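Copied from Swiss-Prot, the annotated features are:
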- 233-248: compositional bias 'Low complexity' (COMPBIAS)
- 249-258: compositional bias 'Gly residues' (COMPBIAS)
- Cys25-Cys102: disulfide bond (DISULFID)
- Cys28-Cys96: disulfide bond (DISULFID)
- Cys56-Cys69: disulfide bond (DISULFID)
- 22-106: domain 'Saposin B-type' (DOMAIN)
- Asn121: N-linked glycosylation site (CARBOHYD)
- Asn215: N-linked glycosylation site (CARBOHYD)
- 1-21: signal peptide (SIGNAL)
Amino acid sequence: MNKLFSLILALFLVNSAVVSSLDSCSICVDFVGNSLNDLLNIILNSGVIGTCGDLCSAVPGGQIVDTVCDLLCDYVGVDEFIKLISDVDPDPIYICEKISVCKTNDNAAASLDLVQINPQNGTVGGTFTLSIAYTVTNTIATGQLAFNIIDPTGNAFGDAVLLVQQSPEQYTQQFQFQATPSEQESFPNGLYTVQALVCEGSCGSPHPNTYTLANGTTTFTISGADSSSMSGAGSFSGSSQSTQTGAASGSGSGFALF
């Protein structure tokens, strides 16, 4: 949450009355994504919540988080805010679109130019770099660039970055992960499939204004796994880093399509 605090504080200190739509959308998605579980627990355990202040004052994180929560909640009203947070499939991007902080574009368009992983033949414990290049041909209002990696047993892990007001041009993104076995992902020997997606809205979300604009795949292999540790299921829990070029807004978050 420190990154979120710093961004919000800087914006308020520079000019509390002027926050660009791009910054506002990113702040909203970060806040909802980071605070969603806390908000759900407060809603479920607090009984009747009469005001935004009642709800937001209980969210951990201090005065800045309280203020952001109040601003978003007051905009739509406490009842509608609670309804959005309590959705059966809560989605930070969709919630921020419904609050009218993030924009949508049903005509967004993009193509994938490159999906490449290095090394293509690696070992357990090694570091892998996934490079993705894509071209936006009609502005992505609020969306994601996401990837999923499926291991030889069918388990999947992935990541995604937020895209806000990406105008037509080419963009590149790199993700890194370390193939360190854990209870969640054992990194067995064999062939792995990489899926990359560019989306308007959250990739894989069932909500309106969500579209897969482009997708592509590649493969790589891992060897050197201890056969005694080749069981396990769940999502990736190793280290992950991402870098991005182009006029894009991005933030990392856990992601899985399946």
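For all residues, glycine too, the Cβ spot is worked out from N, Cα and C.
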Inter-residue C-alpha distance, Cys96 (disulfide bond) and Cys25 (disulfide bond) (nearest angstrom): 7
Asn121 (N-linked glycosylation site) versus Asn215 (N-linked glycosylation site) - Cα distance in angstrom: 23
Alpha-carbon spacing, Cys102 (disulfide bond) to Cys56 (disulfide bond), which is rounded to whole Å: 20
Distance check against Cys69 (disulfide bond) for the recorded positions Cys25, Cys28, Asn121, keeping those with Cα within 10 Å: Cys28
Pairwise CA distance, Cys56 (disulfide bond) versus Cys28 (disulfide bond), rounded so that it is a whole Å: 14
Residue pair Cys25 (disulfide bond), Asn121 (N-linked glycosylation site) - Cα distance, angstrom, rounded: 39
Per DSSP, three-state class assigned to Asn215 (N-linked glycosylation site): strand
Fewest Cβ neighbours within 10 Å, where candidates are the glycosylation sites Asn121, Asn215: Asn121
Secondary structure tally of the domain 'Saposin B-type' (22-106) (DSSP, helix then strand then coil): 58 helix, 0 strand, 27 coil
Between Cys28 (disulfide bond) and Asn121 (N-linked glycosylation site): CA-CA distance (Å): 40
Local Cβ density at Cys102 (disulfide bond) - other Cβ atoms counted within 10 Å: 27
